[in-house]
Amino acid sequence: MEQRGQNAPAASGARKRHGPGPREARGARPGPRVPKTLVLVVAAVLLLVSAESALITQQDLAPQQRAAPQQKRSSPSEGLCPPGHHISEDGRDCISCKYGQDYSTHWNDLLFCLRCTRCDSGEVELSPCTTTRNTVCQCEEGTFREEDSPEMCRKCRTGCPRGMVKVGDCTPWSDIECVHKESGTKHSGEVPAVEETVTSSPGTPASPCSLSGIIIGVTVAAVVLIVAVFVCKSLLWKKVLPYLKGICSGGGGDPERVDRSSQRPGAEDNVLNEIVSILQPTQVPEQEMEVQEPAEPTGVNMLSPGESEHLLEPAEAERSQRRRLLVPANEGDPTETLRQCFDDFADLVPFDSWEPLMRKLGLMDNEIKVAKAEAAGHRDTLYTMLIKWVNKTGRDASVHTLLDALETLGERLAKQKIEDHLLSSGKFMYLEGNADSAMS
């Protein structure tokens, strides 16, 4: 029993000794799991790193492939390097230009390649810069670059001027093209683009310059011809007019007599009326010439008084009043003498004709309104307007100008009343003995 008792503890002790073995075996199972996890983590990290490095390698591959020719060296041929290269400083090698940075287009002995151009604002890039070609830039839509100012793009015009039509649209190299409707002359304030010059066919009938030159030449010739005719007529009329005036006034065409009478006061006011009367279709000069023809053998140039009155009776009846010249009786200043009579004209000229009369004399509507505002009363209005007329025209204001204006307005009665009043007041008289006939 003791042995069993001893064996029992021994067995239990044996179990105690052997017990940790299995526990240690069970506890050793997590040990291998930790390295596996680490292996998985490390493998994942390595995969990520390899993938990223692969991407970086792919991104850098193209520049490296493009840069590879840049570093390529070759020997110059007869001292020159091919396009896309420049010569080294020692002159032994040709060094490739850098893609996208500089270039060379021809065989050269440059120490450095040319820098690539960068497109400015307002331009678009058509093709990038390479080692053998510069960047190609073009103006944006709606703008163009002139040949004489390639540094900037200008806006195209939106339409053609009046009288012209559009025949060409806006391009990056030229503005819109306009031509005249009639002549087809090209109208452009700009220098024509190179494309327009190249595409012009040699079979064009006439250039715009030649057409415009022909038009200008014809216009100038027509203007010169018109001016020459006008000058000739004016000179001829000045020479003939004194003789016509002398014949119509009974002076026998003596220009000296006519000139002396034209220099007298108020004569220049009737020149226009005499010209109008001369140009009227009375056929008086022809009649005079017919009567004078039989008298040529006797050497008499003047008609007898009876014949002259008989032939000129219709014209004399119409122009008898116009030939009577009013002059101051006291040989005073004509304008000042006329001014002294203005106060009585309000009773002689109808009220409705006051403003039309002043307009005929040259006063503006504004001047008439000012004169009416300055007048002291209703009856003083015409006097104030006449004073303003005299102040405006000065020495050109004459009694004959006033009478002619009344005649033009159809106020013949008022004209006759003023003429009678000037004579009866003793301030004016008729020149050359006409006063007696007028007063009778």
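A Cβ is built for glycine as well, from the same backbone N, Cα and C atoms used for every other residue.
Marked as compositional bias 'Low complexity' by Swiss-Prot: 60-71.
Annotation comment: Swiss-Prot describes C81-C94 (among others) as disulfide bond. Other C-beta atoms found within 10 angstroms of the C-beta of C94 (disulfide bond) number 22, with every protein chain shown included. A strand conformation is recorded for C94 (disulfide bond) in the three-state DSSP classification.
Swiss-Prot lists C97-C113 (among others) with the feature disulfide bond. A simple way to gauge crowding: the CB of C97 (disulfide bond) has 26 other CB atoms within 10 angstroms, across all the protein chains here.
In the shown protein chains, 22 other C-beta atoms lie within 10 A of the C-beta of C129 (disulfide bond). Under the heading disulfide bond, Swiss-Prot lists C116-C129 (among others), citing experimental evidence as support.
A coil conformation is recorded for C119 (disulfide bond) in the three-state DSSP classification, outside any helix or strand. Within 10 Å of the Cβ of C119 (disulfide bond) there are 13 other Cβ atoms, across all protein chains. Residues annotated as disulfide bond in Swiss-Prot: C119-C137 (among others).
Of all Cβ atoms in the shown protein chains, 21 besides its own fall within 10 Å of the Cβ of C139 (disulfide bond). For the recorded site, C139 (disulfide bond), the DSSP three-state label reads strand. Positions annotated as disulfide bond by Swiss-Prot: C139-C153 (among others).
Proximity of C170 (disulfide bond) to non-local residues of its own chain (separation of 6 or more, Cβ distance below 8 Å) is seen for G142, T143, F144, C156, R157, I176, given in sequence order. C170 (disulfide bond) carries neither a helix nor a strand DSSP state and counts as coil. Residues or ranges marked as disulfide bond by Swiss-Prot: C156-C170 (among others).
For C160-C178 (among others), the entry in Swiss-Prot reads disulfide bond. Secondary structure at C160 (disulfide bond), as computed by DSSP, is coil. Counting every protein chain shown, 18 other Cβ atoms lie within 10 Å of the Cβ of C160 (disulfide bond).
Annotated region 'Disordered' per Swiss-Prot: 1-32 (among others), in sequence order.
The region 'Disordered' annotation in Swiss-Prot covers 60-84 (among others).
The repeat 'TNFR-Cys 1' annotation in Swiss-Prot covers 57-94.
Among the features that Swiss-Prot reports, repeat 'TNFR-Cys 3' is placed at 138-178. This prediction places the mean pLDDT of the repeat 'TNFR-Cys 3' (138-178) at 87.
The repeat 'TAPE' feature in Swiss-Prot is assigned to 192-206.
Annotation source Swiss-Prot lists topological domain 'Extracellular' at 56-210.
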Local backbone state of C113 (disulfide bond), from DSSP in three classes: coil
Cα proximity to C153 (disulfide bond), best match among disulfide-bonded residues C81, C129, C137: C137
Protein Cβ atoms within 10 Å of C137 (disulfide bond), excluding its own: 18
By Cα-Cα distance, the member of disulfide-bonded residues C137, C139, C178 nearest C116 (disulfide bond): C137
C94 (disulfide bond) versus C129 (disulfide bond) - Cα distance in angstrom: 20
